[in-house]
Amino acid sequence: MMSQMEGGCPVDFNTITDLFLQRNLIREATAFLLDVLKPNLPEHGFLQSKVLEINLVTFPNVADAILANGMFSHYDRPRIGQLCEKAGLYIRALQHYTELPDIKRVIVNTHAIEPQALVEFFGTLSREWALECMKDLLLVNLRGNLQIIVQACKEYSEQLGVESCIKLFEQFKSYEGLYFFLGSYLSSSEDPEIHFKYIEAAAKTGQIKEVERVTRESNFYDAEKTKNFLMEAKLPDARPLINVCDRFGFVPDLTHYLYRNNMLRYIEGYVQKVNPGNAPLVVGQLLDDECPEDFIKGLILSVRSLLPVEPLVEECEKRNRLRLLTQFLEHLVSEGSQDVHVHNALGKIIIDSGNNPEHFLTTNPYYDSRVVGKYCEKRDPTLAVVAYRRGQCDDELINVTNKNSLFKLQARYVVERMDADLWEKVLSPDNEYRRQLIDQVVSTALPESKSPEQVSAAVKAFMTADLPHELIELLEKIVLQNSAFSGNFNLQNLLILTAIKADPSRVMDYINRLDNFDGPAIGEVAVEAQLYEEAFAIFKKFNLNVQAVNVLLDNIRSIERAVEFAFRVEEEAVWSQVAKAQLREGLVSDAIESFIRADDATQFLEVIKAAEDANVYHDLVRYLLMVRQKTKEPKVDGELIYAYAKIDRLGDIEEFILMPNVANLQNVGDRLYDEALYEAAKIIFAFISNWAKLAVTLVKLKQFQGAVDAARKANSAKTWKEVCFACVDAEEFRLAQICGLNIIVQVDDMEEVSEYYQNRGHFNEIISLMESGLGLERAHMGIFTELGVLYARYRYEKLMEHIKLFSTRLNIPKLIRACNEQQHWKELTYLYIQYDEFDNAATTVMNHSPEAWEHMQFKDIVVKVANVELYYKAVHFYLQEHPDLINDLLNVLALRVDHTRVVDITRKAGHLRLVKPYMVAVQSNNVSAVNEALNGIYIEEEDYDRLRESIELHDNFDQIGLAQKIEKHELLEMRRVAAYIYKKAGRWKQSIALSKKDNLYKDCMETCSQSGDRELSEELLVYFIEQGKKECFAACLFVCYDLIRPDVALELAWMNNMIDFAFPYVLQLVREYTSKVDELIKDRIEAQNEVKAKEEEEKDMVAQQNMYAQLLPLALPAPPMPGMGGPGMPGGFVPPPPPPMGGMGMPPMPPFGMPPMGSY
């Protein structure tokens, strides 16, 4: 309440507190101070400290609650901290102390501090102070405070640093604390050191299961370091060490450690249960450690099939203890194992023991020949050859036989192998042992072989290796000498082919001595090798006459020998080849003779072409007659007709076409026509009724009448054109016109005919043709248009008449172009008008007026143009060429042109006066340019009446400019007009001054009267007095009566002795004011009468009201009794309402009482 008083508490808070404390009212003092100190102001710091001190001494719990509430922040914190420490509130003391020694002194009282609060307090300290406090706690009571330290490190590991926490625990060798701290941090860390520290702490605290788990699951610890630690720790359980060594490849170290520490059961458990795949490494290390063989054999047999054989054999072989595995391997083989490594190892053991190794190498199908052969090379090379031959290890066998000079074995293997790649390798020039191998192949391997395939493969290999001489010697020995392969077809072929390639001089001898070879194929090879005589001999020996003659013709190139050979064999195929060769050599007649002997019609196309090139058509006729007997080809019959035509046998042509034939007569006729054989072509075209081609053919023969008759039968536009053009060229114009009339009815062909005539200068003839065409039934617009174009070019005097007669049937745009080109401007203008091109018509008239202009026509045109600019161009045109008719033109254009622009045009041309009638006619539009132009003309003509009229009726002009222009004019009326303009413009002073200058006093008075300016009027009176114009003074008083003040007028008249002249004004003034007073009096009397009448009327109304009031009863009637009627009661009586009092002209009265009384 005191804290909420206005102006604050009148008594000091400290004094009141002391009063409470003097009476030992600690609770009341505390409550008072808590109330007044709620604002938490800095000036209350002393009182905050005081209330806390009182309660810390007497009621520590109350002080703890106050501090927990956090309502004070300005008290003495160090002092309160000391009191909290004394009161046993250690956590509050820690919150208030700011010096490290104080904190370290208090924090060791962990027995009186809540652990969670202490942990949270560590979060408020800096890293260094927190670590110092933790050290003190561990020094005071390591076992009791370890849990708190671990929890604090877990909570604030990021602030404190994991490494610092680890060092703290290691400093006190508290592996238990380290174990619990790192256990919470391990899952989120990938630091190898942390993982190792955890493993170390777990091991030293006896947490073997955790060590085993971490070594098995973690991927981040240092394997080498962990392995060394576990070996040094010598844990009773070796599983953690087994996990580390198995996962990170320390199996030999593990085996050595376990064996030396006599932990054999862990070795067996590791090999049998953990990782049998690492058993070879275990065995190898046990052998190095000189472990008894019985234990090793028992270990191997305990794993059996789970044991990987290859690395086991490798480990034993490196230590030369392979025989140790004999029992194990035989046991696997007896179980049916087909593992290659098992059989390899067993084979090596048999080879070392010498127990019939050849039998094993040749009969065992499972061992790796390459591995076992390599093992045998240093022990017995022949056994290596056996192993390599079994596995077809070519490279290894070649190397071992070369190295040990076993060339006979190598030759036998290569021949039996029959592999091209192997032959290529051993016969390569880079092989230094090639000579020795070849000798063994020739002397031993091939003679022993009974397989043709082996012999063939060897021969091919020799050929591929490019050893022809060695191959020939070998083949001669096999084929020419009596052997099993003497009659071998392939070997004979190979011998001849090899001789062709290596020693051609022996080929002819082989051909004569051998019979069982492929003649056609060998012959072709001989031809390719350019052994033509040998090839001819082969083909001739095998009766291949066609191939033989081809050799003579194509290779030996002797047609004479070929003809002689053909006469000898008398075969059609041979004659056919000879004929083809003769044809290629250009011996066409001989070739035709040979073809006839061969009865060969297949090459008729080549023969025809060659005969035509050589111009031997008589021989060609004989050949074609032969061919025609064998085949029915249109080409043959057509060429026969052509040949008849070339040798001028026209009768034979007529006979042939009447006979059955398959010739394409149309194509034949076209060919004859193209080659100018017109007589023969005429026969063909007439026979097939091709009138079009017949017509053009007759044209070529100059038979024009017949050509026209044929064209009439053909009735083709193309034919008509060809005949027509030919007749024109021959100047047969009558026939040409007949043709032309059939052409021009087609729009597309008409122009071509016209151009043809015109290009040859036959103008009259084409005009005559077109004129004749006008009367045709099929006459179209193009004929009329083309005739118009021709008239425009060559007979212009008929052009206008033609246009007017046929304007509706003309192609006007085309004729417009023609007239424009020929410069017929009058006709062009007419066409533009007909085509509604009024803009072009007007332009044409103006550009070519001497020929095209007619005034009435131009007026009709110009009002219809769309381009507005043409109006003004027409104005220019008339100003230049027809100025006398300009007003007539402008009157027509008055509604369409811009009058201002027209005035500008005429002004620039200097003919403004010329268009005065036009401007007068359009001045009603009140255009500024027109008004100014007319006003200027009136000034020049000094026509002031028209000028004044123009100014009065049309005000759109520069009035002040015009007034300034004429105010000094020599004519008085002009200056008067200037004064009028000033007056009209509201420049009263300038108008009056100008009128004064010209003594136009009437105008001055009227101007003053119209201005409404009292000052101007009174100045004018003074001016008249000064000038002595008494009459003007009197007149001004009358004219400016409304503006002049009476006192001013009378004063001026009295002072200047002009009372007589002012007396009319005085009379008028008296009369005016007398009338005004009479009007006022009359209005006043009428107003008073109206007021009196109104008062009388009100009195009468009041009297009538009083009179009717006396007729009413003096008192009100008594209210009805209960049950005596009234609204809603049965049998009751309800009096009717009194009738209104307005029936006799009285106003209605209220139902009861007197009306209000009026005042008297």
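Glycine too: its Cβ is placed from the backbone N, Cα and C atoms.
According to TrEMBL, the features are:
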REPEAT    4-150  repeat 'CHCR'
REPEAT    153-295  repeat 'CHCR'
REPEAT    300-439  repeat 'CHCR'
REPEAT    446-591  repeat 'CHCR'
REPEAT    595-736  repeat 'CHCR'
REPEAT    741-887  repeat 'CHCR'
REPEAT    890-1033  repeat 'CHCR'
COILED    1070-1105  coiled coil
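Mean predicted confidence for the repeat 'CHCR' (446-591): the pLDDT average there is 73.
Across the repeat 'CHCR' (741-887), DSSP classifies residues as 115 helix, 0 strand, 32 coil.
Across the repeat 'CHCR' (300-439), DSSP assigns 105 helix, 0 strand, 35 coil. DSSP places the residues of the repeat 'CHCR' (595-736) in helix, strand and coil in these numbers: 110 helix, 0 strand, 32 coil.
Taken residue by residue, the repeat 'CHCR' (890-1033) breaks down under DSSP into 112 helix, 0 strand, 32 coil.
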